[in-house]
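Noted in Swiss-Prot for the protein shown:
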ACT_SITE  224  active site
BINDING   63, 66, 160  Zn(2+) binding site
């Protein structure tokens, strides 16, 4: 495996050739500047001999059909392995769900991004590949962040693409973080990366980014980089700014960020999440409605169990509507413009 990676510099290809696990860990050096450690399939760490004090996690492929972030991360890994760029920050890349990537599907058995913060081991337990992998990914995050002294900035960008078109092509979800202000610097980093829209979540979740934020105090985000396309069919010119800023972050080049300015970004607050309680749940709007479509107060969004679910605020925008989820799961997130958010 070591020789295959050294020859090809293609970590994604090696991962997909061995989607369940590698036969043990291995490591090697890039010149005298970087130690590379491969912990598992889809798990690779770049340890600079001299680092600048940030611990960066870039994860992708938690959903197997969300290919643009996978190609983006593999491109960065390849540049690092080819020594075209040199890491100056500790960096962990995670390719989340290799089995689903090979399958060309979002999931194998279950939505992995609902299985973190220990949810993987709640009943029925570790009964499918996503649950097993989520537990391992948590362990790799823990190993990475706790291998060095506290006090360093921890960052985790969990990269996705959405199943539908969007009024805002690229957007990020800022996990709930009670008692901690939102980072204006991080929001402006996202804006410089082409991600000009941020949703402030209002409650704990079992997503990957919330896990890193809550457990390790990381500046963590779920980042949606556009729409789902098959592997190899993404227009990677749409990610030039994202690639550039991630490269600057990893190599510790000046980020040259603007000061936080709420007028330069679109900020939303999650006002509620609507979960499914009955099999007859259905939305009243078209199935192909775009993310961030806005509806006025009193509009009937959905019906289930003989009840109507209506817009409660003057206007609410919807993201991720999906009526076909299992009972108990989220069908949609409702948003209002963020006012008085504690951004510093």
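Here the Cβ of each residue, glycine as well, is placed from N, Cα and C on the backbone.
Given the structure is predicted, the values throughout are model-derived calculations rather than measurements.
Sequence features, as recorded in Swiss-Prot, placed on the structure.
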residue	record	Cβ within 10 Å
63	Zn(2+) binding site	24
66	Zn(2+) binding site	26
160	Zn(2+) binding site	25
224	active site	25
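Here the C-alpha separation of residue 160 (Zn(2+) binding site) and the residue listed as 'active site' works out to 5 Å. Residue 224 (active site) and residue 66 (Zn(2+) binding site) have their C-alpha atoms 10 Å apart, to the nearest angstrom.
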